[in-house]
Amino acid sequence: DVPKATEPRGDSDGPRRGSLCDRHCAAINNVQGDVSDLGCHLHRPRGPPAVSPPSCCQQHSEEVCESCVVKTTLTAENAVEANKLSNNYKFGFKKWKSHVTARPWEDRSEIVKELYSDLNVIRGSGGSTVTCGNVLYLLLFGWWLSFLYVLVAAVMFITVAGAPYGRLCWDLAGYFLWPFGKVIQKVEVPKSQRALGACEAGAGESSPLLGGPVPSRWRPRCWAGGRHWQRAGAVVWFCLGYPMLVLAHGLVCVTAWLLVVLIPVAKLNARTATRVLLLPPEQAVVRRLKMTEVPLEGEVILCCYRAVNPYYYKYAVDGINVFAVNLLPLVLVTLVLGYVDSHNRLTSSPVKFTLALLSIMPLSYYIGMAIASISAQSNFAVGAVVNATFGSITELTFYITALIKGSREGNRCYAEIVKSALTGTLVGCVLFVPGLCMVIGGIRHQEQRFNSRSAGVSSALLFLSVGGVFAPTLFSKVYGKLVCGECHNVTQNPLGHYLCHNCHFDLMGNNGTLYYSHVQPLVYTVSLLLPAAYLIGLFFTLKTHTHIYDIHISGCHMPGHHHSAVVHWSRWRALVILLLSTLCMSACADLATEHISPILTNSTISQYFIGVTVLAMVPELPEIVNGIQFALQNHLSLSIEIGNCIAVQVCMLQIPILVLFTIFYPTNFTLVFSDLHVYASMFSVVLMNYIFMDGKCDYFQGTVLVMVYFILLAVYFFAPSPSGC
């Protein structure tokens, strides 16, 4: 059969595909213009695609054409971004959506350009300024800011010397009541008008733009007196008026920034406090924009049309998403409250636990950003070492601190919580993460396809890892002794049925012969084999069978563009941020385990449920967001690989590391899980492999995965707490 040529995608930015068989046939027939070798500025014609002659592929065996792999061509602005995109498709590397370099300004959309523009551009008529967002500003900030300016204006008039600033505050009171469609300009005042008697000198001044005398409303303000009164007015202003207004604008700025969609209001207030209020009163002019008016000469300082912009969720500061920036002060608050208020005089333990858990989210983001930046700017060996070392640092930090606390207190509940969190991460990354990405991606794309061969590698490793992790558990079920805490005879007959509670398999009978002679050696053997299998998987996908992914990165060089890479974080800066974030992560994990005890003892919710939901999925929220963004751009392969890689790392890296840790620091952690964990994990892996067999999916299949995940959560919610907790 003649292989079908790839249909052109026009001017879209999506990946173009061409099979190896097409390229092989093109080489034989001397056909120029291989699809996979085209840059982004070369596009195929919109006419019928060229088809290779039938005799070409007839010269090759069926095995050659059947082994053809779809090659994906991705575009990158520079070499650093190309390395990051290539690392996204490498097994074992962290998948990262955000750019690690500054994107060229001309390549950005108009929506994004508006987010980063200063509020000093006068645009044409954009419709009515009466919008829901502007009314929200009036109700939240406008009315009391205007009232505050009126009070300050009254104080300035009372002092007499501050009367010019009083007139400025009176004008700004009307401006901040409804700033939309108005402009604040800085007007240069001639030196002749700044001297004594400037009012008379400027009375007949003409405007070169308007061709007539300047209206009295826009004349530079002046007052009787000399420089002495000007200095006195400035002293009164900076002592009585300016501090109060700066405090109010700072409060509005912080509040609006935290709400994200109101960032234009934050910019408005920040620019007012740093520019407008520091101007001499005669240089600040407030006017209403009209289409028939010609703007006065002078610098435009403020011009705002909308208070709310829903696209500000895309806003980034030095490459860091605005939500991660807003959550960073939460880390500082958590550390201060946790270590200063050790006796819970200011807040309770549940509040500190919640703050510590929320602080893990931005720290996970910074760790991911730092790993992606270092990997993109380094060679393959350095990137592999960094990903292997810090890829699971978030989860391992929490698990190790919990095991240490449980060992010190002699409490088995912490070990059970760690097992629940491990199982919750495995189940969530196998079911919830790909399922949610399928559902959200299916809203935009009717059917999404992914590389089934690369997914098959992760699936095979998942089967191997789940079998290895739960092998000691199955061994203990076969050879262990069932011990029950309490049994009741239901039928009152010695030979009748008994109802028993708190049953478990005892591995320590006969002085622990079964555990120390059989189970523990099996655990150590599995802990050595699983990392070895992980390394073999890396060697398979990154060295010998790289064609499974077959990714080609082409540069998107448009005429007139500059493509030098301007990285957000250099390697040294990323390394420092990585180490500091890891240190803060350790502190937050210590606080979380320190204050989780009251929740475990006083909560009516099963400890199983707390472990598989809150402790397992909260650290993975940045990865979930990355997966959703990839799915929306029709890169479902990356969304699936995010969940699979985390699940594989849980079984093949995190659990062996915990076992190794217990050798040097004895804890209550044993690689023997409850039946519920075993059944949930195995069922999840089997279902995931069944869904991913055909290499395509839609929102319905994603809904199935999400629903199964919620069913398992319901089972954990109603399950009794582990024995001994």
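Positions of Cβ are set from backbone N, Cα and C atoms, glycine also.
Caution: TrEMBL annotation is automatic and unverified by curators.
What you see is a predicted model, and the numbers here were worked out from it, not measured in a lab.
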Annotated range (TrEMBL: transmembrane segment) out of 266-286, 455-475: 455-475
Ranked first among 135-158, 235-263, 320-341, 522-542, 572-592 for CB pairs under 8 angstroms with the transmembrane segment (638-664): 522-542
Chain residues in Cβ proximity to the transmembrane segment (320-341) (below 8 Å; excluding those fewer than six residues from its ends, i.e. six or more beyond): 98, 257-258, 260, 263, 312-313, 347, 352, 355-356, 358-359, 361-363, 365-366, 369, 568, 584, 587-588, 591, 594-595
Tertiary contacts of the transmembrane segment (572-592) (same chain, 6+ residues out, Cβ under 8 Å): 331, 334-335, 338-339, 352-353, 355-357, 359-360, 363-364, 366-367, 369-371, 373-374, 377, 390, 393-394, 397-398, 401-402
Surrounding residues of the transmembrane segment (676-693) on its own chain - C-beta under 8 Å, 6+ positions past either end: 419-420, 423, 426-427, 430-431, 434, 450, 452, 455-456, 459, 462-463, 466, 469-470, 473-474, 608, 640, 701, 704-705, 708-709, 712, 715-716, 719
